[in-house]
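Presented below is the structure to which this report refers.
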Amino acid sequence: MEKHVHVFHHPLIQHKLGIIREESTGPKEFRELVNEIAKLMAYEITLDLPLTDVTVQTPVAKTTVKRLSGKKLGIVPIMRAGLGMVDGILSLIPVAKVGHIGLYRDPETLEAIEYYAKLPEDAGERELIVVDPMLATGGSASAALTAIKKRGAKNIKFLCLISVKEGIDRIHQDHPDVPIYTGAIDPGLNEKSYIDPGFGDAGDRLFGTK
Ligand SMILES: O=P(O)(O)OC[C@H]1O[C@H](OP(=O)(O)OP(=O)(O)O)[C@H](O)[C@@H]1O
Ligand SMILES: O=c1cc[nH]c(=O)[nH]1
Ligand SMILES: [Mg+2]
């Protein structure tokens, strides 16, 4: 299967990513920008949504217009940090259902520990957009995708703000069917497996807790 990584080059996405990278950007602005970036990314990845023709009556005449043909969508944030992207996407796609996968990366072993999972009952019939600001070693995203597939999901996209090659390779290896959409591919990981330069701990910066 062809490996799929899409980097968003849209100037608004790149500009906003630059602001959230700055250490001096506080939680309020960080949260707002993460949602705005997620919304812009959702706009781009929904370019291929199917449309159907319907007839409507304008005040002047009958005409044929386009309507979304009702493809079922879902958003699945990887908690905590993925929660920061949900409202932005929902503002464009309000009918999407929202599932949740709770995972944290053990700071010593870097292993992804699952603590929560709830998906739409018809997950297998939906296109699911799994969201997390960071794709670092890829352990969390890989575990989340496994957990989601175990519950029936078949059609999945992974959407993140920044990534590194290591995490992308891990997803390609473990989940070659899942295309990756990212705002940037950073040079690498530091000694604590944080993305370098990245923007630090996304969950901590969104919610102000450690
Ligand atoms: O690719 P990985 O090496 O697995 O790292 C990425 C994960 O780390 C962060 O979550 P974290 O473990 O900090 O949990 P949190 O969202 O609760 O802060 C981030 O939001 C990803 O889920
Ligand atoms: O850089 C990183 C790596 C993992 N998790 C984060 O929140 N940031
Ligand atoms: Mg965190």
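Glycine is no exception: its Cβ is also placed from the backbone N, Cα and C atoms.
Computed from a predicted structure; not experimentally measured.
As given in TrEMBL:
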type	residues	note
BINDING	R80, R105, D132, P133, M134, L135, A136, T137, G138, G139, S140, D201	5-phospho-alpha-D-ribose 1-diphosphate binding site
BINDING	I195, G200, D201, A202	uracil binding site
DOMAIN	8-209	domain 'Phosphoribosyltransferase'
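Here the features listed in TrEMBL are painted onto the structure.
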| residue | record | DSSP class |
| --- | --- | --- |
| R80 | 5-phospho-alpha-D-ribose 1-diphosphate binding site | coil |
| D132 | 5-phospho-alpha-D-ribose 1-diphosphate binding site | coil |
| G138 | 5-phospho-alpha-D-ribose 1-diphosphate binding site | coil |
| I195 | uracil binding site | strand |
| G200 | uracil binding site | coil |
* If you measure every Cα to Cα distance among R80, R105, D132, P133, M134, L135, A136, T137, G138, G139, S140, D201, the residues said to bind 5-phospho-alpha-D-ribose 1-diphosphate, what is the biggest one in Å? -> 17
* Distance [Cα-Cα, Å, rounded] between D132 (5-phospho-alpha-D-ribose 1-diphosphate binding site) and A202 (uracil binding site) -> 9
* Contacting binding-site residues, sequence order - R80, G138, S140, G200 vs ligand 1, Cβ under 6 Å -> R80, G138, S140
* Structure fact -> Among R80, M134, G138, i.e. the binding-site residues, the one with its Cα nearest that of D201 (uracil binding site) is M134
* **Integer Cα-Cα distance in angstrom, R80 (5-phospho-alpha-D-ribose 1-diphosphate binding site) to I195 (uracil binding site)** => 17
* Spatial separation of G200 (uracil binding site) from S140 (5-phospho-alpha-D-ribose 1-diphosphate binding site) - C-alpha basis, Å -> 16
* Structure fact -> Whole-Å Cα distance, A202 (uracil binding site) to G138 (5-phospho-alpha-D-ribose 1-diphosphate binding site), is 15
* **Cβ atoms near A202 (uracil binding site) (within 10 Å, other residues, all chains)** => 25
